[in-house]
Amino acid sequence: MAAMAVGGAGGSRVSSGRDLNCVPEIADTLGAVAKQGFDFLCMPVFHPRFKRESIQEPAKNRPGPQTRSDLLLSGRDWNTLIVGKLSPWIRPDSKVEKIRRNSEAAMLQELNFGAYLGLPAFLLPLNQEDNTNLARVLTNHIHTGHHSSMFWMRVPLVAPEDLRDDIIENAPTTHTEEYSGEEKTWMWWHNFRTLCDYSKRIAVALEIGADLPSNHVIDRWLGEPIKAAILPTSIFLTNKKGFPVLSKMHQRLIFRLLKLEVQFIITGTNHHSEKEFCSYLQYLEYLSQNRPPPNAYELFAKGYEDYLQSPLQPLMDNLESQTYEVFEKDPIKYSQYQQAIYKCLLGRVPEEEKDTNVQVLMVLGAGRGPLVNASLRAAKQADRRIKLYAVEKNPNAVVTLENWQFEEWGSQVTVVSSDMREWVAPEKADIIVSELLGSFADNELSPECLDGAQHFLKDDGVSIPGEYTSFLAPISSSKLYNEVRACREKDRDPEAQFEMPYVVRLHNFHQLSAPQPCFTFSHPNRDPMIDNNRYCTLEFPVEVNTVLHGFAGYFETVLYQDITLSIRPETHSPGMFSWFPILFPIKQPITVREGQTICVRFWRCSNSKKVWYEWAVTAPVCSAIHNPTGRSYTIGL
């Protein structure tokens, strides 16, 4: 029937649905809608005017069928092409008890019939402040039966009453709600999903009106689990040729929604009557084809969006060949290392000494040899002589290094199979080069490794990198909170998954404030007593009502002088994909009001066998201290 179905957004094609309030002949309508190019149909499960009475006789026992037969469509069509809609008269949060009780019964009847049909999704309206009973009825429905429908909450981007043009200017308006204006509808949603305990089955169908809110409100919505965007035909403008188009502001919003792979639902009558209705859909296709192309980082990260991974522990574990292979493909990292080594060699060896001064260069953690090759290229580029040691503790990777030496490098490179902290070097190094950084800079124990190796660095020797700093930023993300919650393991503390960091390509999230520096390490470390434990307090101003789910971690490093690498969004090295950000979750989401400050405390702790992080929020409210004593997560020395 249709090329794609509900939940089928992906690839370059826009996935779209048609929203109708009345469907007399379902099979014919579905055929017509598919012909126009739509993938699914949103329609009431029951006739909108067929109000049922569940409480009082005699209407309670009205004869005849309650709604159309399921036999009108095949099971597969119900499963993939129809999104159910709740009858508009159903108001489970009515203050009138009879209406409320009747609505509850009718809502359950419609939800149960939707489950019986196997509908992939059901559309329910959120159009007022108090939706508590709606949340209870829906949550009870989700927890009974074995159905798997998604529930799309239809939320307006801007509340309809805020668009009324009959309000007299400067006249006092009566606001009964705690939040007004742009904040209102997000608070409806936030309170509703909190009541539903962040159920993964409940998502947003965001209705976009002619007026758009400010950018920070849109940014916040894009951190929510938006599965569909509802576009009324009335928001489309008309171009010179009579076709429907959207304003520049709306286009920018559509581009951002396309990145989240939402499905689009067109609602309303044809406002461009001389054109076919499918022209609305064709315009969305046009926008999809003409959106900015993905950059190298986005292409590499495709498929990893919001996918949680445990951080690597290359000190404790030996990496696999494929892991090395992925990192070696990074086009930026090794060219920056080569540039840093090149500059360092020129700085250490004057032109007149280039034939006599041989610099001893040690690659610590050589892996399969990319830094050795970068060093050799740098020496050639600088026209300087070097003697190279490639030190690697992974015996499997050493095999690759020895093959390189035999086939390419020759006597210029000495391969050493040893842990750099235990190696007794035959001579001291002029330059030590390493790539031991993780997504949070020091989380793969670069400080401990380089401190253990610096005794064979000359007093005037150079470490590349010379310095690195971790950064933290507060984020809101329903998606990531639910992903972490789902990581619960059978034999562990039920909240252990919230006490460990995850490497993740952040996608469906909202950053609440700019990243701030956390811990800095410098090499060589000339302190008489080296201590890599740290404690920092960071305060983040927040300009919007929101909810805190955790902290994104990034890093910047100075390789040598002005040669840097960064995954901090503001300074991200273009095209570099070796590191995704790190996520530090918190156990309980924390509501944050506009103008409040988020205060977080971070500790880096260690003993003789391991290193770990602890963290706690202390404003606007206090959280528990996460991961005390490293009980849920440590990094092995």
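Every residue, even glycine, has its Cβ placed from backbone N, Cα and C.
Per Swiss-Prot, the feature N-acetylalanine maps to Ala2.
The region 'TIM barrel' annotation in Swiss-Prot covers 13-292 and rests on similarity to another entry.
Swiss-Prot lists 308-615 with the feature domain 'SAM-dependent MTase PRMT-type', giving sequence analysis as the kind of evidence.
Feature annotation from Swiss-Prot assigns S-adenosyl-L-methionine binding site to Tyr324, Lys333, Tyr334, Glu392, Asp419, Met420; the stated evidence is similarity to another entry. In this structure, Asp419 (S-adenosyl-L-methionine binding site) belongs to neither helix nor strand by DSSP; it is coil.
Positions annotated as protein binding site by Swiss-Prot: Phe327, Glu435, Glu444. Less than 8 angstroms from the CB of Glu444 (protein binding site) sit Pro311, Leu312, Gln313, Pro314, Leu315, Leu436, Leu437, Gly438, Ile635, each of them six or more residues away in the same chain.
There are 18 other CB atoms within 10 A of the CB of Phe327 (protein binding site), with all protein chains counted. Annotation source Swiss-Prot lists site 'Critical for specifying symmetric addition of methyl groups' at Phe327.
Taking the Cβ of Glu435 (protein binding site) as centre and 10 Å as the limit, one finds 25 other Cβ atoms among all the protein chains shown. Under the heading active site, proton donor/acceptor, Swiss-Prot lists Glu435 (among others), citing similarity to another entry as support.
Taken from Swiss-Prot, the feature active site, proton donor/acceptor applies to Glu444 (among others), supported by similarity to another entry. DSSP assigns Glu444 (protein binding site) to a helix.
Residues or ranges marked as region 'Beta barrel' in Swiss-Prot (evidence: similarity to another entry): 465-637.
With a threshold of 8 Å between CB atoms, the same-chain residues lying at least 6 positions outside the region 'Dimerization' (488-494) that come near it are 631-632. Feature annotation from Swiss-Prot assigns region 'Dimerization' to 488-494.
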For Lys333 (S-adenosyl-L-methionine binding site), nearby residues of its own chain (Cβ under 8 Å, 6 or more apart in sequence): Phe327, Glu435, Leu565, Ser573, Met576, Ser578
Chain-mates of Phe327, Glu435, Glu444 with C-beta within 8 Å of site centroid, protein: Leu312, Pro314, Gly365, Gly367, Leu436, Leu437, Gly438, Ser578
Nonlocal residues around Tyr324 (S-adenosyl-L-methionine binding site), in sequence order (Cβ under 8 Å, 6 or more apart): Gly367, Arg368, Ala397
Binding-site residues listed as Glu392, Asp419, least Cβ neighbours within 10 Å: Asp419
Winner by Cβ contact number (other Cβ atoms within 10 Å) across the binding-site residues Tyr334, Met420: Met420
Whole-number mean of pLDDT values that fall within the region 'TIM barrel' (13-292): 86
